[in-house]
Amino acid sequence: MSEFPFFSPQPLFSYMMNKNSRVHTDSNIRNTFFTEIGIGILANSFLLLFHIFKFIRGQRSRLTDLPIGLLSLIHLLMLLMGAFIAIDIFISWRGWDDIICKFLVYLYRSFRGLSLCTTCMLSVLQAITLSPRSSCLAKFKHKSPHHVSCAIISLSILYMFISSHLLVSINATPNLTTNNFMQVTQSCYIIPLSYLMQSMFSTLLAIRDISLISLMVLSTCYMVVLLCRHRNQIQHLQGTNLSPKASPEQRATQTILMLMTFFVLMSIFDSIVSCSRTMYLNDPTSYYIQIFVVYIYATVSPFVFMSTEKHIVNFLKSMCVRVKNV
């Protein structure tokens, strides 16, 4: 089996499983994993429908509404792809051909990259929304959703290109005369590319991740500075005994700051787990941990966004009251 570098182009949970692998027989891990995915699918579906109805009713949209709706759609599709892939991880049916393997793994990897991109874009747009009029970012406040859509489409094409190597390296029927492959699911295998191609795609992935996460951290720090400055100004004008009430923009910024922090922490944790899997290739514990970690952000993020929407909060409260009265 070949070892992959840290920023490797491996598609999902590539693991050195063999024919006697018992990953799919652990019912507790399987049930917990599908519960996590099921909760994430329901939450993202609810958030996506909320933004669709909001658009249909013609309500005034914020600069960040489109990325939030898009992020819920991306996470929904990513979780659906992950559910199909998980079925072939935990249930040994080996019924997929090359086309299904390439299609599912390629789409999953593309959606995961788009999740990172959209999260970064959301952080930058919120920093633009919060920026003062004297800032150089203020001129971007009045950009229409059309500009955001064009940026998203351009980045989508870029990410599909970066993940295109999977269309070659993913196969359903490996060459069993060689050990130079890694099993992704019970049906799908990844055959390593040449050293040159592997190095090129690893470099592209590393540049992508480092650039976007760095931009996310910079925009997050910028928002923290603006919030602290605004709070100090309010306290200076009203006195330290009064607690300034946060504006809707500030509450939204605090929510996105919390989400960005959670995303960065999960990314760091995922990187640590990936490193441990690289050093201890046959350790199933790291494999199980990465299965759960990779979907935590997609499952938790819709709840964070819904907690800031008064209409959703009031609707859920009324539903809870109705359930109690039944």
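If you go along the chain as it appears here, the first residue is 1 and each next one adds 1.
Note: Cβ is positioned from N, Cα and C throughout, glycine not excepted.
In sequence order, D88, W96, C101, L104, V105, I170, N171, A172 are the residues of the chain that are 6 or more apart from C188 (disulfide bond) and have a CB within less than 8 Å of its CB. Annotation source Swiss-Prot lists disulfide bond at C101-C188.
Look at Swiss-Prot and you will find N175 tagged as N-linked glycosylation site, backed by sequence analysis.
Taken from Swiss-Prot, the feature topological domain 'Extracellular' covers 1-32 (among others).
The topological domain 'Cytoplasmic' annotation in Swiss-Prot covers 54-70 (among others), and the record cites sequence analysis as its basis. Long-range neighbours of the topological domain 'Cytoplasmic' (54-70) within the same chain, counting only residues 6 or more positions beyond its ends whose Cβ lies under 8 Å from a Cβ of the stretch, are 47-48, 118, 121-122, 125-126, 128-129, 141, 143, 145, 148-149, 152, 252, 256, 305.
Per Swiss-Prot, topological domain 'Extracellular' is recorded for 92-104 (among others), and the stated evidence type is sequence analysis.
Annotation comment: Swiss-Prot describes 128-149 (among others) as topological domain 'Cytoplasmic'.
The topological domain 'Extracellular' annotation in Swiss-Prot covers 171-209 (among others).
Here Swiss-Prot flags 231-254 (among others) as topological domain 'Cytoplasmic'.
Annotated topological domain 'Extracellular' per Swiss-Prot: 276-285 (among others), in sequence order, evidence recorded as sequence analysis.
As a whole-number mean, the pLDDT of the topological domain 'Cytoplasmic' (307-326) in this prediction is 72. Summarising the annotation, Swiss-Prot assigns topological domain 'Cytoplasmic' to 307-326 (among others) and lists sequence analysis as the type of evidence.
For the transmembrane segment (33-53), the residues of the chain that approach it from at least six positions outside its boundaries are 65, 68-69, 72-73, 75-76, 79-80, 82-83, 86, 90, 291-292, 295-296, 298-299, 302-303, 305-306, 309, 311-312, judged by C-beta separation under 8 angstroms. Positions annotated as transmembrane segment by Swiss-Prot: 33-53 (among others).
The transmembrane segment annotation in Swiss-Prot covers 71-91 (among others). With a threshold of 8 Å between CB atoms, the same-chain residues lying at least 6 positions outside the transmembrane segment (71-91) that come near it are 12-13, 23-24, 26, 29-30, 33-34, 37, 40-41, 44-45, 47-48, 51, 104-105, 107-108, 111-112, 114-115, 118-119, 122, 184-188, 291, 294-295, 298-299, 301-302, 305.
Same-chain residues lying 6+ beyond the ends of the transmembrane segment (105-127) with a Cβ under 8 Å from its Cβ atoms: 11-12, 63-64, 67-68, 70-71, 74-75, 77-78, 81-82, 85, 137, 148, 151-152, 155-156, 159-160, 162-164, 166-167, 170, 184, 188, 208-209, 212-213, 215-216, 219-220, 222-223, 226, 252-253, 256, 259-260, 263, 294, 297-298. If you look up Swiss-Prot, you'll see 105-127 (among others) marked as transmembrane segment.
Annotation source Swiss-Prot lists transmembrane segment at 150-170 (among others), citing sequence analysis.
Residues 116-117, 119-120, 123-124, 126-127, 130-132, 250, 253-254, 256-257, 260-261, 263-264, 267 of the same chain, all 6+ positions outside the transmembrane segment (210-230), place their C-beta atoms under 8 angstroms from a C-beta of that stretch. What Swiss-Prot records for 210-230 (among others) is transmembrane segment, and it gives sequence analysis as the kind of evidence.
Per Swiss-Prot, transmembrane segment is recorded for 255-275 (among others), and the stated evidence type is sequence analysis.
For C101 (disulfide bond), the Cβ neighbour count at a 10 Å cut-off comes to 24, with all displayed protein chains included. Shown for the topological domain 'Cytoplasmic' (307-326): DSSP residue counts in helix, strand and coil, namely 16 helix, 0 strand, 4 coil.
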